[in-house]
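The domain 'Cadherin' annotation in TrEMBL covers 1-58, 75-163, 185-267, 268-369.
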Amino acid sequence: DGVLVANGYIDRETKDRYELLLVASDNGVPQRQFSVPYQSFTYVSIQVSDVNDNPPRFTKAHYSASVRVATAKEGESVLSVSATDLDVGINSVILYSLMNHTDDFRINNHTGEITLGSNLDHITADTVVTLIVTAADQGVPQLTANGKVTVRVNDINDNPPVFSSLVQTKLSAPENAASLDLGAFSATDLDTGVNALISYSLQDDFAGEFHIDSSTGKLMTKKPLDRELMDSYELKIIAADSGKPSQSASLVLSITVEDVNDNPPVFPQKSYSVTVKENLPPHVILSAAATDDDIGPNAVIHYTIIGETATFHVGELSGTITTLHPLDYESRSQYTFILKAFNPGEPDLEDTADITVTVEDVNEEGPVFEKPSY
């Protein structure tokens, strides 16, 4: 009856057009076709009509973008999504819509461009927002697909670290103490995430005498301090965040080295010699002052005499030696004793010097005959 029937499934997306050659023949014996050639066959062209049997497909399995919350403005473009549909005509026309976060984000129904719907000032920095985008064709029945978009709301490094105004910047440290804890000097940063990650360093560690923990800001001495070499330090602590570009702040500490009694008194020479004329009344014969590199009470020097205390006296704080009575050459021509200088600190440190006093004879006696008469 000349009815043309499809023998299988026809898929327009695989082949959208068929060209057929139909041949007409009778059922006689022998079988004959029409005697006129152009009446024995004909061509049939079949155009396959589309039905909406393909859903939209996004060009990426997952979309991602980032937004800086400090500079975010309503209407700012975030990114664009795109989907395709193998159908044609109205069945391939795709419209986009957002399923969530519609207060903060918008999408262009036709282009798939996602823009900010607010300035995001209510969203915490370093938050990840997941958007669900729907792509829907316009066929009947309507077919859809969902795509995932993650938007990281980033902080911008617009705040430097700040040291507390209450931090004590004038410190004192005893000398000779190793591994001395001087305290923790930490800063804060109003940014978040990596922009608030602070590391600490010293501008000058004075040849390794000081060390600061890069994470906590804990300041330590690494070598014993010697007040006699350096009695004060100005130490600059630098706090730098990890943002790009990095921001930093500095704190200057004034450290005074406290003296301890680690230096003894020292006489400028180990022995002194002095000549004193006999018969003179009590008077100063020598000033033998010692010095001490310490300061304060640790540098107060006391003096005492060891030996000959009946004849000589030393000023307790001056080191000035005086005679207690006139010396007599004829009785004794030389004296030796020890002068000790000490400071009564902890520990008690001292130095000594040898003192030699030579009595000079004066012509106080006239000649005397051994006998009154000869």
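Positions of Cβ are set from backbone N, Cα and C atoms, glycine also.
Taken through DSSP, the domain 'Cadherin' (268-369) splits into 4 helix, 46 strand, 52 coil.
For the domain 'Cadherin' (1-58), the predicted model reports an average pLDDT of 76.
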